[in-house]
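Novice: Below are the C-alpha cells for one structure; questions will follow.
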Amino acid sequence: MLKTASIKNEKKIGNVIIYIFLTIGAIISIFPFIILLLTCFKTYQESISVPMVFFPKSINLNNFKSLFETIPFMIMFYNTVIVTIVVVIFQVLFSAMAGYSLVFLKLPLRRILLIVFIAVLMVPSQVYVLPQFLLIQKMGLTNTLLAIMLPLIPSAFGTFMFRQAYAIMPMSLYEAAVLDGANDFRVFWHVILPLSKPTCLSLAVLAGLNAWNNLLWPLIVNSSQDKYTLSVGVSTLVTNSLVEYPVIMCGSLLALLPMVIAFLFLKKYIFESTSYFGNK
C-alpha cells in the first residue's frame, strides 16, 4: 500500500512539473501577441520609449485610422481572401486527383513519379522563384491576382499527403465501384474523395495559411498597390524615414484576426484530422 501511494505521489509531482512547464511555454508563446495587441493602442512615443512602456496610458484608436488612410486596406483584404480561397480549393482538388492517380491508376511510371514528388519536397521553394517569375512574365500575368495564385496551386507535399492517405485504403473499394460500372471520375468523386475528408481539411489549413501569409512571391510579381495582398501591404508601412510601430501592429493584428476566427470555427475539424493521422 505504501509503495502504491508513493508511486501515485510521484505521478502527481511529475504531472505538476509538466503542467508548470506547459504553462510557461504557453505564456512565452502568447507573449508576442500580447505585445502586438497593446502596441496597437500606444502612441508613437510610447512605442519607442526606453524603458519599454508595457501598457498604454490611454486607448488610442488613431492608429487604426492612420492605417486605413495610409494603405487601401480593404482592397488588400479582398485580394488576400480571393487568393486564399482559390488556392485552397484548387490545391486540395488537384493534389487529391494526383494522389488518386498514383495509387489507383495503373500508370507505367508511377513509382518514378512518386520519387520525383518526394525529390521536389527537398528543394527549397526559393529556387523556383526566378523560373516562375520569367514564366509569369512571358504569359503577361504580372500585376494580376492570377500571377499570385498559379504557383501556389501545384503542391508536391499535398500530392504526397493524399498518396499516403489513399495507400492505406482497401483496394476493394475501388474494385467494387468499377464492377458497378463507375468510371474513374465517379470513383474518385463519389467514393474515394469523401473518405479522405481528414486529409482534405489538413491540406486546406496548410494551404490557407501559406496563401494568406505569403510575402515573397506577391511582392515579386506585383508592383501595383491595388493588387497587393495584406502581407505585402503591411510590409510597405516600413519606410526608411519613419517606422510607425503602432500602425504596423494594427495592420498585423487585422491581418491576423481572420485566421484566428477561422481556426476557432474549424478547430473541431482540425483536431479530428490531426487525431486521424495520429491513429494511422
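For all residues, glycine too, the Cβ spot is worked out from N, Cα and C.
Where the annotation comes from TrEMBL, it is an automatic prediction and has not been curated.
Here the structure is a predicted model, which means the values were calculated and not measured.
Pasting the feature list from TrEMBL:
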DOMAIN    77-266  domain 'ABC transmembrane type-1'
TRANSMEM  16-38  transmembrane segment
TRANSMEM  75-100  transmembrane segment
TRANSMEM  112-133  transmembrane segment
TRANSMEM  145-166  transmembrane segment
TRANSMEM  187-209  transmembrane segment
TRANSMEM  245-266  transmembrane segment
Novice: Among 16-38, 145-166, 187-209, which stretch has the highest count of C-beta pairs below 8 Å with the transmembrane segment (75-100)?
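Specialist: Counting Cβ pairs under 8 Å, the winner is 145-166.
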Novice: Okay, the transmembrane segment (16-38) and the transmembrane segment (245-266): do they have at least three CB pairs under 8 Å, pairs separated by 6 or more?
Specialist: yes
